[in-house]
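Annotated features, as they stand in TrEMBL:
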- 1-67: domain 'Ty3 transposon capsid-like protein' (DOMAIN)
Amino acid sequence: MEKPASSWFLHWSSTTRSEEHTWGIFREHVLQHFEASNYLAVLREKLQRLNQTADIESYNGEYSALIFRVEGMGVLDQVLN
């Protein structure tokens, strides 16, 4: 791990109670600290700009990587975007 993540982790582990050292709590705190406030908007924009420029397997891989990270997107949105 490199800075700033290592510095944040050392601070988090020393200021968080040991009972809260669970994967779920850690994940929530990491996302709160490092995830951009417009994260979902950025993902949706990338999805809208996605074009097939190579074989279908590559496109499908890129599409799937984005679509599985976007929360609250209905099936119709997934197809139309």
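Start at 1 and count along the chain as shown; that gives each residue its number.
From the backbone N, Cα and C atoms, a Cβ is placed for every residue, glycine too.
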*Using DSSP, tally how many residues of the domain 'Ty3 transposon capsid-like protein' (1-67) sit in helix, strand and coil.*
49 helix, 0 strand, 18 coil
*Tell me, what is the mean pLDDT of the domain 'Ty3 transposon capsid-like protein' (1-67)?*
86
